[in-house]
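S.K.: First, the structure itself, so that you have it in front of you.
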Amino acid sequence: MIDLIFPDGSARQYADGSTGRDVAASISKSLEKKALLIKLDGKLLDLDRPLTPDLLGGGNRFEIITRDSPDALEVIRHDTAHVLAEAVQELFPGTQVTIGPNVEDGFYYDFARDEPFSLDDLPKIEERMRQIVDRDEKIRREEVDRDAAIADFEAMGESYKAQIIRDLPASDTITVYHQGEKWKDLCRGPHLPSTKAVGKAFKLTKLAGAYWRGDQNNAQLQRIYGTSWATEADLEAHLKRIEEAERRDHRKLGKTMDLFHIQEEGKGMVFWHPKGWTLYLALEAYMRRRLDAAGYREVKTPQILDKSLWERSGHAEKFGHAMFMCESAEGEVLAVKPMNCPGHIQIFNVGQKSYRELPLRMAEFGACHRYEPSGAMHGIMRVRAFTQDDAHIFCREEQVTEESARFIELLRSVYSDLGMHLADTKFSTRPELRAGEDAVWDKAEAALSAAAEAAGETLVLQEGEGAFYGPKLEFSLKDAIGRVWQCGTLQLDFVLPERLDAEYVAEDGSKKRPVMLHRAILGSFERFIGILLENYAGHLPLWLAPVQVVVATITSDADDYAQRVAERLTSMGIRAEVDFRNEKINYKIREHSLAKVPVIAVVGRKEAENGEVALRRLGGEGQKVLSLEDAVRALTEEATPPDLARDRAVAAPAELAQA
């Protein structure tokens, strides 16, 4: 007999070999009909998998998974990928299947086929997929002999599957899943009971190229992407989100707002246009003020350093594949820096440091370069050249919790100023392969956890996902349409100071290694600007907008007045331009609205005579007529960055008291 413990804490006994379906049926017929999978000690398994003592992990925690469970969704997506593969092979005989995982919001499958798929093929494939769902093909797991499986897949013409099996560790159990009587795939599972359980809430979304095992030296494959959901309503909501995301695409906004471009001769390198660079500098100036106020000292380190430094730091071994290397005429092997931390330790190491000088907070807006494959790059969000809002805090062990908590408070404040808020904070603990003693890891993990709790953060645990040199916190934002972006990081490092010989004189006169906290808030300026553009759909807060006000004339006899208005705004720090063109005012308004200018100040003969401006807001209806000075006062206040606005609010009562 086997003992199972249910989520409510109750326990029942079942005969060896009972399945999840048997357990569901013993509870109720309705649950048996709804059941799709089981979860045993946290692991998802097929509903019809026999439950035996060797399968139970000892905890015997048992749960029946139905369609409305989040756990079911990833399996629904995986099964949809299998239905896609069967449909493709039915419609296009001779096509080989390779891999087909579920991914965020959907799935894909990579196919080996001489003739390329076209977008016109996708509706045909979708229709065949629906037919396969209607056929209610039973999905059955089978453990097979390794050599027999290789021979079987080779005989089927599935050389990629045979190669996957050959490369699996000898200790691995080889499992095949049958889908109906005619189709099968190599897979670990788990899977749903039948294709009918997949449902029809799916859609194929795009085609892409891929390489076998992600290596451009291998065969090129064709990838079909799709999305799959538990219900039609969920699918419809997702498609609307995609439509909205396309409308907000930072690449389109970058063009219509004239912010930046990327071209073939500089793949993954951003050409910032004047307006885009103005936005960049506004964000950089804000971050510089926030770091300065928080006690950071800004530094600048070289772009290119001798490879030997990267070998000592360990980066050449861990990140060598992503580093740009070059050789000088004198035979020096140099590397363009992929990150800033080794350079910061070089600055720390100049001169003897005392415990009294710690914590030492060192910041750099450091330009870094990392190789990204062409297919992986995406606008300014994933590039080869980027600038990090990077900083490293050198501190004593007993300062880690306080410094971490201070950083989290700063991070939250910055995100709030930028109109973004934390979605979650992930806590990644020691990986299997790691440096350092367990006792040191115990202290490090406890310190980060305590800091997060002190800052009021609820942590999402990611066991074994920490860096090899220390645990880390990852901070994710949720944007206006519900997408989550991982941006901020806080990593505790007790390895790099050892490797690069960083030390300070302790209170007792002994030499000790500082603890190093790697931290970033934005991550990179390029990516974060892309996130901001998409979050705001280009309608940035006034203080960040590259052009804050356009003064647009109705008739040419208001040109002189328009120029005076622009000069008055500019004198107060407002980024203003004048549109004197001989075009209708509605045309000008439409054009500047498409360029996402937040405020259009309309002036004509009447406004010139009265010393007024008619303010029209982006996305608003109508306009508000104000005197020039009232408009300047209101816009100046609104265009003040939030940190400066707070400083002025604090200073105002003190000034009044002195008066």
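Backbone N, Cα and C define each Cβ position, glycine as well.
Pulled from Swiss-Prot, these are the listed features:
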- 1-61: domain 'TGS' (DOMAIN)
- 249-541: region 'Catalytic' (REGION)
- Cys341, His392, His518: Zn(2+) binding site (BINDING)
- 637-659: region 'Disordered' (REGION)
S.K.: Starting from each candidate's C-beta and looking 10 angstroms out, tell me which of the binding-site residues His392, His518 has the most other C-beta atoms.
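M.R.: Comparing the binding-site residues His392, His518, the most crowded Cβ belongs to His392.
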S.K.: Please count the residues of the domain 'TGS' (1-61) that DSSP assigns to helix (H, G, I), strand (E, B) and coil.
M.R.: 14 helix, 19 strand, 28 coil
S.K.: Going by DSSP, is His392 (Zn(2+) binding site) sitting in a helix, a strand, or coil?
M.R.: strand
S.K.: Quick one: average pLDDT across the region 'Catalytic' (249-541), no decimals.
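M.R.: When the pLDDT values over the region 'Catalytic' (249-541) are averaged, the result is 93.
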S.K.: For Cys341 (Zn(2+) binding site), which residues in the same chain are close in space, meaning a Cβ under 8 Å from its Cβ, but six or more apart along the sequence?
M.R.: Ser313, Asp390, His392, Asp493, Leu496, Met516, His518
S.K.: With a radius of 8 angstroms around the mean position of the C-beta atoms of Cys341, His392, His518, what other residues of the same chain does the Zn(2+) site pick up?
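M.R.: My list of surrounding residues reads Met339, Asn340, His344, Asp390, Ala391, Gln491, Asp493, Leu496, Met516, Leu517, Arg519.
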